[in-house]
Amino acid sequence: MKKSLIALTTALSFGLAAAQTAAPVSAPQVPALTDVPAGHWAKDAIDRLVSRGVILGYPDGTFRGTQNLTRYEAAIIIARLLDQMRDGETPAGMTAEDMTALQNAIQELAADLAALGVRVSDLEANAVSKDDFARLEARIEEVAAAGGEQGATEALQGQIDDLTARVDEYDALRADVDDNASSIAALNDLTVLLNQDILDLQDRVSAVEAAQADFVQRSDFDALGGRVTTVETRVETVNNSLTGRIAALERNAFSVKPSLTIGYSVSRTSRNFDVDRLFPLNADGTVANNAFTSGGIDTDTGAQRRDFGDFGNASDPVVAGAAGLYGFADGVSYTVYFTDGSTATFDGLNPADYKVPTGKVIDTTKGRNGFGFNNLARYKEGSTDIGISLGFDTSGQFSQVTSGTGGSLFSTAGRLQVNQIDLNFGLVTGLPSDAYVDTNGNGKKDDGEATGRGTYLGSGGTAAILRDPAGNVYRPVFFRFKNATTQFSVGNNPVIVTLGQQQKFYFSDYVFDNNYDGRGDGFTVTVDGSNVPVIGAWKPQIKGVYGSRSGLDGTAEAGYGVYYRGVRAQITPVGTLTAGIHYAQEGRDMFGAAQNTTSTPSDVTTYGADLHGKAFGVELHSEYATSRVRPNTANAAVQTSNAFYARVATRKDNLAFDLNTPAAKFGNDTFGVSLYDLNYRKIDAGYNNVAGISEYGYGSYSRTSAQNIAYNPDTGVTAPFANLDRQAYTDANNDGTSDRNADGTVVATNTKIGQMGFGVKAAANLGPVAIGGYYDTSTGANGDNANRMTEAGGSAKVAYSIFSLRGTYNTLDSNRPQIYRDAAGTQIIGDAKVRRYAVQADVTPGLGLFVGAYYRDVNVNGVRSTTDRGLLGRGYLASSFEPGVGNNAYRTGLRCADNNFGTGTRDIDGVGGVLNPAVNLDQSRTATCFTSYGVEAGHAGDNANALVKDLFFRVGYSRVYVPTTATATTGDFSGSVTYGDARYDRKVGVANVRLAGSFSTTNTQLDSRPAGTRGAVGLIVRTDPLENVPFRPQFNGQVGYYTADNRVAAGNYNANATKYGAGVVLNDFLLPQTKIGVRYDGYMAQNRQYTPFDGDGTQGYFSDANNNRRTNLNGVYVEGAYQDLIFSYGTYTLSQKDLNGVEYGSGINNGQPARGQTFKISYKVNF
């Protein structure tokens, strides 16, 4: 009931309360109820009850008239009412008979009301509809069938509670009223109210009785609840069991990857040649792959796929010069027969060029006049390759397992917590084409080591096949093991154990740097003590390494007992600055020496310390290492050497030093100083890879640039400073001049001299003015002035509005002999002194546009020179400011290439670089510094407000200093060059378009480029799949043209080349998951050649050559695929003729062009 109704009823029971014959002695304090609105229909009754003290309200002064009245509250109100009635506060005019009748009537009404309440409660308590029951039963069956879920029972219990929790909304009205209850008028009002409640209850009873046929009994529902409980119990049991079993499987799961590879191929050619160079280049400039490619990409050697022939069963390298059709095919080879019965091999095109060794006579009765032509044809007829492999890889799946028990003297607990195990091994039939026999066990392919496929019969590379009489083919099954890694915890501190072949590890730059190829079989243990109390805040770490090499360790001892071992400890005391100490050793032990009694035990021992990281806003790197090498030769002296450097400089994640980013800054960007480099170093001459127990040595990365630097990403060397070479020419005939190779280059020898030096580079911003400078001096480790090289320079820049003015001065003085070319182009060796100054004014009006004017002057050995002969680039600190306003970066490099000079003569796409997506054309600009002046203008497409987004171009005109004669000390600016280049990369609709071009014309030789006019233009288009076109075709094409009119003393000649190609791929061809593609490519060139990689990291390249040859290489490539079943076919032709049209295949394939065809079907099933 609502409190308003009770209040009104109680007030009516007071009827004539105002007619009391006596008033209280003192009026009680009447509380004010704050939530009874004025004008409410019950307000007067509420106020009367409050004034009588029957209702006092809640402690917060509220009445809460809309809130249900509890039995406790009703009891208090009735008790107060009875107390007042007992005290004589009764209505006037009521007789005893009236009071008795009123009491009886109230009792009757109360009894009827109670009876109705009981009936309603019974019906509601058992009121579960059949529909509800059916739905619940269906859900029970679903839960049981699906294995159950905990949420299902909770949902059922909620519905049960909802159906059975219909409590009585009305309390039984009890009115145990004494004889002096109230007046007849109040009783009448109370009766009306009670009658209304009775009518409401009767309506509810009727509704419930009418729907009783749809209800089920409580007993049925209880039975249903029992079934729910049973299902829940079974589901919980099953879930617990499955959870444990699944967790165990996941912890111990191997990823098993069986595969079956089937291939059938036919390949034949009259002479092996390369076709990879026809295909479009990848985005990074590497040669695109195809089904017939051979060879691979190797940054150590510079090898690319275009360096190897692609036909037959052999990966023949292409050969430079006439014997290899100038780098387009493998070489011609002859067997030379001598009268004494011996033979020799001659690699050349014309037997007449062969020079007979002294004392030998050619036997003209054999072969063709003493020469036997070695057949260059390559055949691979109907070869079927079937490979089966089974790989096992945990990929970290072993987790949270425990070790087993063990021990011989005692039994271990077997409770070591293993966090992770990685295993990678497998079984395979046949061998990969690049497998080799690692004879010396150093983990690298060395010259003279046989290929694995050529050694093991039936492994895929030999013609012989093992069969039994039933016709079964037998192939060897090889076990492949890559690594095993275990990670486990000791206490709260993780321990990582790595076990495997060719272990890779790194202690420091000059000690135990074996993170590239690896050192040998063994294991490493790393302990992280970050959770150790007290010292854990310093992040202590300990690493231990142990293994064996089974081969050379650099101390001339091969074969037995060569082991390496080392330990390193490291902490991080402040910021990110780490401090480490280490000890390492490698050598042959006594047992190994016993296998070779002529040798004595030897060892290499090195130890040191290092600091790396940043603290207090300064980045610091420093290392010290000392090494003792005891050779294996008896009585040989122990060699001791040291390496040390301390450097404030920024280091990148790949451990290369970034001298363009300040290592420390003082002040702000407007007024401040930036320190880019500050270093001291001393590397002893004897400190090499043997002394450091490292994979590779610490020699200069390049002989002609950055001589002080050892860092080499091609070999993984991270050491910053080199063990320098002193170059000296040889003089075999004692004529006082250097010996020379056939091409005129100097024959030189190198002697290690170590390095000791100091360097600094800094810059400052002073509002609109920026200044910077650098200085470095280095000698051999002994400090001798004969090997000193010093580089120094300063720069300044003033910028305001859209104008900027830059000036720089650079010097390089080298007493250390340098190999370079003099003004006549002859290679010389000796000391060198270079001076250069430059000034440039730039205007950047916005929209990405720029225009500038410059003057530059270069002096070599005291004489003004056309170029710096490439000498300034042999230092490592030379720097200059960026052009434009708002960019005061003091960047390494003299920016000599900014104004050099259009199209180059070397490229890797065959047409001047315009079809190489990795070339931004400025790559064609030489880094040589010239004596010149000129103007240049252009547009930067990456500018935020660029006039044309993604369009880059520049044009320029320059006058170049030319000496009067090659040896003259005077000259003038009679040389001239006009140049330009452009590049536009843009997505146009569904097509990705790249348009590039360059040109230059000069009347004088510029470094390696002769006088003349050259230019190149290229277009590459690749479309997305055309979704609304049948077969969803995808088109791609390229065309590039290069031309050069070279004016040289030996005679002018024109070189030109055209490269073209077009293809289409049908992505949905007839059947789902079926694709087919076809492309045609060609390359035509005149007076162009290809020089293969040099083996020292330099890639092969195309260049101009006055060889009077016309080369034509073209062919068709078709590839189709259904799912993973791939069909490939190619047919290609290589022709090289002289300018009169005579084929240079004379004596080879009867003077006809070389032709090659290949067909391949391959299918790989991954089970």
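Backbone N, Cα and C define each Cβ position, glycine as well.
Mean per-residue pLDDT, taken over the domain 'SLH' (29-92), amounts to 74. Sequence annotations record features per position, and here Swiss-Prot assigns domain 'SLH' to 29-92 based on sequence analysis.
Counting every protein chain shown, 22 other Cβ atoms lie within 10 Å of the Cβ of Arg305 (Cu(2+) 1 binding site). Mapped onto three states, the DSSP output places Arg305 (Cu(2+) 1 binding site) in helix. What Swiss-Prot lists as Cu(2+) 1 binding site is Asp274, Asp276, Arg305, Phe308, Asp310, and the listing cites experimental evidence.
Within 10 Å of the C-beta of Arg549 (Cu(2+) 2 binding site) we count 22 further C-beta atoms, all protein chains included. The annotation Cu(2+) 2 binding site is assigned in Swiss-Prot to Glu381, Arg549, Gly551, Asp553, Gly559 on the grounds of experimental evidence.
The transmembrane segment annotation in Swiss-Prot covers 417-428 (among others).
Annotation source Swiss-Prot lists Fe(3+) binding site at Asp438, Asn442, Lys444, Asp446, Glu449, citing experimental evidence.
Annotation source Swiss-Prot lists transmembrane segment at 495-500 (among others), citing experimental evidence.
What Swiss-Prot lists as Cu(2+) 3 binding site is Asp513, Asn515, Gly716. Using a 10 Å radius centred on the Cβ of Asn515 (Cu(2+) 3 binding site) and all shown protein chains, the other Cβ atoms total 18.
Positions annotated as transmembrane segment by Swiss-Prot: 541-549 (among others).
Look at Swiss-Prot and you will find 578-588 (among others) tagged as transmembrane segment.
Secondary structure from DSSP puts Ser622 (deinoxanthin binding site) in a beta strand. Annotation source Swiss-Prot lists deinoxanthin binding site at Ser622, citing experimental evidence.
What Swiss-Prot records for 754-766 (among others) is transmembrane segment. For the transmembrane segment (754-766), the list of distant contacts is 659, 667, 669-687, 708, 721-724, 772-783, 876-877, 879, 888, 890: same-chain residues at least six beyond its ends, Cβ to Cβ under 8 Å.
What Swiss-Prot records for 803-814 (among others) is transmembrane segment.
Taken from Swiss-Prot, the feature transmembrane segment applies to 849-860 (among others), supported by experimental evidence. Counting same-chain residues at least six beyond the ends of the transmembrane segment (849-860), those with a Cβ under 8 angstroms from any Cβ of the stretch are 832-843, 866-869, 871, 883-884, 896, 899, 929-940, 947, 961.
Feature annotation from Swiss-Prot assigns transmembrane segment to 932-940 (among others); the stated evidence is experimental evidence. If one looks beyond the transmembrane segment (932-940) by at least 6 residues along the same chain, the residues whose Cβ comes under 8 Å of a Cβ in the stretch are 847-856, 898-899, 946-948, 951-961, 973, 975.
Here Swiss-Prot flags 977-988 (among others) as transmembrane segment.
Positions annotated as transmembrane segment by Swiss-Prot: 1033-1046 (among others).
For Ser622 (deinoxanthin binding site), other Cβ atoms within 10 Å of its Cβ number 17.
Remark: secondary structure over the domain 'SLH' (29-92) totals 26 helix, 1 strand, 37 coil, with classes taken from DSSP.
What surrounds the Cu(2+) 3 site, by Cβ distance within 8 Å of the Cβ centroid and not counting Asp513, Asn515, Gly716, is the set Lys504, Tyr506, Asn514, Tyr516, Ser694, Glu695, Tyr696, Val717, Thr718 from the same chain. Residues near Asp310 (Cu(2+) 1 binding site) in space but far in sequence (CB under 8 A, at least 6 apart, same chain), listed by position: Asn272, Phe273, Asp274, Val275, Asp276, Phe292, Thr293, Ser294, Gly1156, Thr1158.
Each residue contributes its Cα atom, and for Phe308 (Cu(2+) 1 binding site) and Gly716 (Cu(2+) 3 binding site) these two points are 26 Å apart.
Only residues 6 or more beyond the boundaries of the transmembrane segment (1033-1046), in the same chain, are considered here, and those with a CB under 8 A from a CB of the stretch are 280, 903, 905, 907, 909-912, 914-915, 1010-1026, 1052-1067, 1079, 1104, 1106.
On its own chain, Gly716 (Cu(2+) 3 binding site) has Asp513, Asn515, Tyr516, Asp517, Glu695, Tyr696 as residues at least 6 apart in sequence with a Cβ closer than 8 Å to its own Cβ. Within the chain carrying the transmembrane segment (1074-1086), a Cβ under 8 angstroms from the stretch's Cβ atoms is held by residues 277-279, 910, 1036, 1054-1068, 1109-1122, 1139, all 6 or more beyond its ends. In this structure, the CA atom of Arg305 (Cu(2+) 1 binding site) is 32 Å away from the CA atom of Arg549 (Cu(2+) 2 binding site).
A distance of 30 Å separates the Cα atom of Ser622 (deinoxanthin binding site) from that of Arg549 (Cu(2+) 2 binding site). Neighbours of Asp274 (Cu(2+) 1 binding site), defined as other CB atoms within 10 A of its CB across all chains, total 30. In three-state terms derived from DSSP, Arg549 (Cu(2+) 2 binding site) belongs to neither a helical nor a strand segment and is classed as coil.
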